[in-house]
Amino acid sequence: MDLDNPEQQPQSQVQVKFVTRDPEISVPTAPILVPSNLKRLGLSQVVNHLLNSEKPIPFDFLIDGAYLRTTLDSYIAENGLSSESVITLEYVRAAVPPKFLTSFQHDDWVSSVAASTSTQNRDSVILSGSYDGIARVWNLSGEVLCEGAGHQSAIKSVKWIDGDHFVTSSMDRSLRIWRYTSSSAVDASLKPVAEYIGHRSTVESLAVNAAAKHILSAGADGKVGLWSSVPKESPDAPVVDLPARTKKRKLAQTGPKVVQYGALGMLQSHTEPVSGVAFAPQDSTVAYSVSWDHTIRTWDLTTLALVDTKTTQHPLVSLCSLKTLNILACGSSARHIVLHDPRTSAAGVSAATLRGHSNAVVGLSANPANEWQLASAGHDGTVRVWDVRASSSGNLFTINRESDGVASNEKVFDVEWSSVGIVSGGEDKRVQINATPRE
Amino acid sequence: MAKSNIKKRKASSREEVVHSDSEDDFQTGLLNGAINNEDEESDEENHSSSEDEEADEFPEVAAASDEEEIDSDEVPSSSEEAGEKSGDDDEEEDEKDEEEDAEVDEYGRKTVLDSAGNLRYIYPEVDTGYASDDSDREEMNTIGNIDLSLYDEYPHVGYDINGKKIMRPAKGKALDALLDTIEVPKGWTGMLDKNTGGDLQLTREELEILRKIQMDEVPVDGYDPYTPTIEWFTSKTEIMPLSAAPEPKRRFVPSKHEAKRVMKIVRAIREGRIVPNKPKEPEKPAFYDIWANEVPREDHIMHIPAPKLPPPTHDESYNPPEEYLPTEEEKKEWEENDSEDRAKDYLPRKYNALRLVPGYDKFINERFERCLDLYLAPRVRRNKLNIDPESLLPKLPSPQDLRPFPTTTATIYKGHQGRVRTLNVDPTGVWLATGGDDGTVRVWEILTGREVWKVKLSEDETVNCVKWRPTKESAILAAAVGDDLYFLVPPIFDPETEIESKRLLDHGFGTAANVQQDPTKKTPPGKWSKPMDKLVEQGVPVMVTVKMTIKHIAWHRRGDYVATTSPEGQNRAVAIHMLSKHTSQSPFRKSKGIIQRAEFHPFRPILFVATQRYVRSYDLAKQELIRTLQPGARWISSFDVHSGGDNIIVGSYDKRLLWHDLELSTKPYRTLRYHEKAIRAVKYHQGGLPLFVSASDDGTIQVFHGKVFADMMENPLIVPLKILKGHKVTQALGVLDVDWHPRECWLFSAGADGTARLWN
């Protein structure tokens with residue numbers, strides 16, 4: 001309070017209560033008087049003063065689900081509050097705007113990206129799936145460590161299973177498990193381990209639960225596939241009475257012969273293409289799927305049964321579950337992200353709606369470091385960062401494509417927020433990495 | 001005073017002569033007093049003398065007047081007698097000549113016997129005693145007012161009073177006349193005396209009279225207008241007056257006469273003959289008031305009082321506050337401006353006193369202009385429609401309540417070179433097929449806009465129509481390119497579907513041969529064959545060749561029949577191809593005009609065929625015409641059948657979009673004219689959403705809400721929702737085709753600008 005100018009009596013003061021959900025930086029919650037003309041910076045100084053921290057931490061302040069961007073005075077005036085009442089200010093570490101790091105040029109549209117977590121003996125690498133049907137592994141300096149060709153059509157989704165394996169899905173209706181081995185930083189090899197067959201149309205999206213050794217796939221045929229991440233535990237591939245393929249097709253089948261396996265189960269209930277799947281964060285036997293048919297369905301993976309169906313207003317095209325909050329974020333073709341609490345029994349209850357994209361939201365990824373934040377990729381050519389606490393404030397940051405000389409409104413197809421940063425790929429044939437420095 | 005005395009004497013002498021009846025005397029005096037003012041005094045005396053006897057008696061008016069007449073006859077005046085005598089004079093004179101010798105009697109008259117022997121008196125000539133001189137008169141010409149020239153032939157010029165000729169006065173010789181002219185005698189006038197015929201000469205006196213008349217003087221000689229006044233009566237009071245008689249008693253005794261008159265009036269009032277203070281009868285006015293009985297009436301409905309002039313403001317005052325006075329610049333500007341351009345007609349001026357204000361010189365102008373205003377600007381009462389304009393609008397729900405409907409471009413499908421002619425979404429709703437002017441058919445991933453497959457069917461001909469087979473178990477795309485109808489199986493589906501589709505297509509080759517062997521039948525409209533190997537490899541197993549350019553394809557819902565439309569084809573314009581047997585037939589024997597399009601009913605065996613003006617529906621089972629719709633459009637471009645089967649929308653090249661309710665009428669239920677240019681395509685949403693669109697050459701797509709109610713009594717509700725703009729108009733072509741996603745509220749449009757778009 002006395003930071004500004006002790007001599008000068010502030011014109012008016014308001015009672016505020018500082019609360020936080022982060023125990024590390026908590027301060028006493030008793031209401032204190034602060035000058036009402038303070039903005040974010042002043043309030044941040046107050047909190048730092050209360051914390052007695054040596055190095056000041058920048059804070060952001062949330063009031064009623066929105067970031068405080070004006071003075072307390074004008075906030076009170078705008079919302080018609082009484083200056084006598086105690087204002088509860090939730091303070092959070094201020095998010096640092098992501099910085100463009102690098103981008104990797106591909107031959108074709110990048111449909112999917114995934115970043116591996118770095119371990120002691122290995123730097124994190126970035127896996128990208130492209131519409132040319134090739135999965136590539138990149139190191140952060142932009143070199144292709146290895147390429148995996150084998151899909152007969154465009155790769156739609158890639159996901160790391162663990163540091164050594166990843167799974168890809170393609171428009172050729174199949175999934176592939178790959179083994180990634182890297183002897184050194186520049187030397188690595190890829191080997192397809194297994195091919196999973198069972199979908200009758202494009203496999204749009206994948207979800208991996210390494211602990212349960214399960215893979216979920218979303219098919220455009222309206223089916224959700226449950227696969228084992230260990231090929232040996234998978235059943236045999238269904239026998240299809242395949243006709244003799246034309247010569248050309250045979251030639252197209254490159255790479256080593258891959259053993260085909262079938263699905264642990266095909267969950268069929270959606271009436272339209274399934275666009276996103278996710279495991280429940282706490283319970284590996286529960287899965288969620290979203291589809292163009294407007295529904296979010298909850299599946300019990302042990303019995304392969306449909307548990308719950310929630311119908312929303314719009315076709316849903318992406319899904320991501322926020323782990324600690326147990327909230328499902330669903331991107332829709334109607335240009336917004338709907339936050340659903342899957343536990344509520346009432347059908348179709350949306351917790352909040354994040355609006356800001358100007359086209360379909362096709363990729364979602366939660367911030368691994370901050371449970372409240374998520375990144376979204378939209379067909380409007382932007383990746384946006386959101387804070388679910390401040391659902392009415394709009395997005396925190398907007399990341400545009402950094403491709404030079406190309407129209408900036410090219411679609412972004414996928415985003416993944418990993419320890420590397422925000423990795424996104426899109427129609428501009430690039431994987432773009434935006435570093436998000438830790439607070 | 002002297003005169004009054006004389007009169008008095010006269011009066012008293014008369015009293016003696018006349019009868020002593022006092023009543024009569026009173027009346028005579030009264031009458032004389034009224035006629036002669038001279039006798040006023042004597043009358044009064046008469047009154048005073050008679051008043052003693054009858055103070056209370058009032059005389060009868062009528063009786064008195066009778067007696068008066070008698071009295072006057074009794075005393076004839078001498079002048080009357082004289083008149084009578086003079087009247088007889090003429091008779092006497094006539095007889096004078098005959099009876100000259102008669103003797104004169106004692107009266108001075110002559111007694112003569114007339115022819116009858118009767119005695120006759122001749123009176124001597126009366127000497128009137130006039131001092132008149134008749135000598136002039138005798139010489140007077142008595143011809144009267146006759147022109148003297150009539151007497152030119154005669155020696156006389158007229159006759160005197162005795163009838164004797166008056167001879168023309170002797171005229172002198174010419175020398176005399178000359179002398180006369182030289183010596184103008186005194187009083188010569190040069191005029192002819194009418195009476196004598198001689199020169200008219202005026203005497204000195206006559207000339208003097210003339211002169212006086214001319215000079216405005218009194219013509220009588222010797223008249224002095226300025227004679228001193230003779231003071232007959234003086235205002236002086238004489239010390240020794242001629243008569244010192246005291247004031248007579250009557251001067252101060254109440255008048256009995258007046259009392260009588262008063263009594264008479266009083267009696268009359270008592271008897272009621274005179275009504276005092278009788279209310280006066282109102283005078284009849286000379287002019288009657290035509291508006292006297294005017295009843296105030298209501299103003300006529302059309303009466304409009306003249307608008308009032310605004311009251312004067314401060315700056316119109318003679319002594320306005322300083323702030324109202326114009327500055328020099330304003331004054332200058334005002335003076336420089338034309339009177340029409342001035343904001344005000346006047347310039348505020350200040351006068352220190354009201355008496356210094358000059359006369360207002362523009363008063364007449366102002367009044368005149370006001371009159372002109374009132375007269376030249378007729379005031380008309382406008383009949384205001386007291387209707388809330390909102391209430392006239394149909395009660396349409398707000399578009400916000402009718403969501404979802406497409407609003408923005410979500411994806412642009414780029415790749416076609418040239419126009420994108422046609423597009424169609426596959427029944428699973430995942431793939432979009434387009435066909436364009438470059439002869440290619442392309443299949444796209446809907447959301448991402450990725451082209452997943454393409455095949456070039458023709459080098460120089462456009463793909464006019466693509467349509468997916470409407471069943472989910474197969475993936476067959478029919479494409480019309482020029483005269484050919486291709487059946488494509490894009491290799492993007494799973495092998496089972498692909499095999500099934502190819503099997504369906506190839507199945508008919510065996511049966512088709514059998515049919516063709518029948519030579520009696522006419523050649524079918526379509527010839528089924530396998531395309532080139534290259535195309536077969538690419539996934540085009542079968543093609544049908546029709547003789548005419550195919551413009552439109554319609555699948556039957558079961559997927560076994562395809563109807564193609566070739567507008568140039570006359571009676572073979574519509575051909576129905578059977579997929580399972582590879583046969584083709586044309587259902588119509590006669591052409592009914594240029595056929596634009598043919599569509600199957602969504603669930604009944606009915607075929608709708610649109611010619612340029614009409615849409616006909618045919619029962620395929622009974623093979624008969626059911627109904628002819630008359631949209632009223634000049635050239636139908638496209639139509640679509642609602643999924644309920646009872647409604648049709650028709651788009652026309654003359655910008656009209658027509659909604660037909662088949663149950664209602666053959667005329668359109670609604671005509672929507674919102675496009676600026678020709679409508680190219682219309683489409684219902686077939687997946688349950690109450691939406692339809694029209695695409696036009698003006699580059700816009702208009703989205704409508706069109707709800708068809710299950711209740712037959714309720715008419716469809718049509719609400720315009722959104723105009724989608726995005727396609728560029730190239731070569732006067734805008735949006736060429738539209739299609740809906742089978743379930744979602746996603747709209748696809750094919751533009752002449754080489755792109756297809758997804759709207760959501």
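Each Cβ is built from the backbone N, Cα and C atoms, and glycine gets one as well.
Features reported for this protein in TrEMBL:
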COMPBIAS  B:1-11  compositional bias 'Basic residues'
COMPBIAS  B:12-21  compositional bias 'Basic and acidic residues'
COMPBIAS  B:328-340  compositional bias 'Basic and acidic residues'
DOMAIN    B:151-406  domain 'BOP1 N-terminal'
REGION    B:1-110  region 'Disordered'
REGION    B:305-340  region 'Disordered'
REPEAT    B:413-454  repeat 'WD'
REPEAT    B:735-760  repeat 'WD'
Original post:
In the same chain, who gets a Cβ under 8 Å from the repeat 'WD' (B:735-760) while lying at least 6 residues past its ends?
Top reply: 404-414, 416-425, 427-429, 432, 434, 436, 444, 446-447, 449, 680-689, 691, 693-697, 699-701, 703, 724, 726-729
**OP:** Determine how many residues of the region 'Disordered' (B:305-340) DSSP places in helix, in strand and in coil.
**Re:** 15 helix, 0 strand, 21 coil
**OP:** Report the mean pLDDT of the predicted model across the domain 'BOP1 N-terminal' (B:151-406), rounded to a whole number.
**Re:** 84
Subject >> Other parts of the chain folded back onto the repeat 'WD' (B:413-454), taken as Cβ under 8 Å at six or more residues beyond its ends >> reply: 460-472, 475, 477, 479, 481, 486, 488, 490-492, 539, 730, 733, 736-744, 746, 748-758
Subject >> Beyond the flanks of the region 'Disordered' (B:305-340) by at least 6 residues, Cβ under 8 Å >> reply: 346-352, 354, 357, 370, 374, 379
Subject >> Residue counts (helix, strand, coil, in that order) that DSSP gives for the repeat 'WD' (B:735-760) >> reply: 0 helix, 16 strand, 10 coil
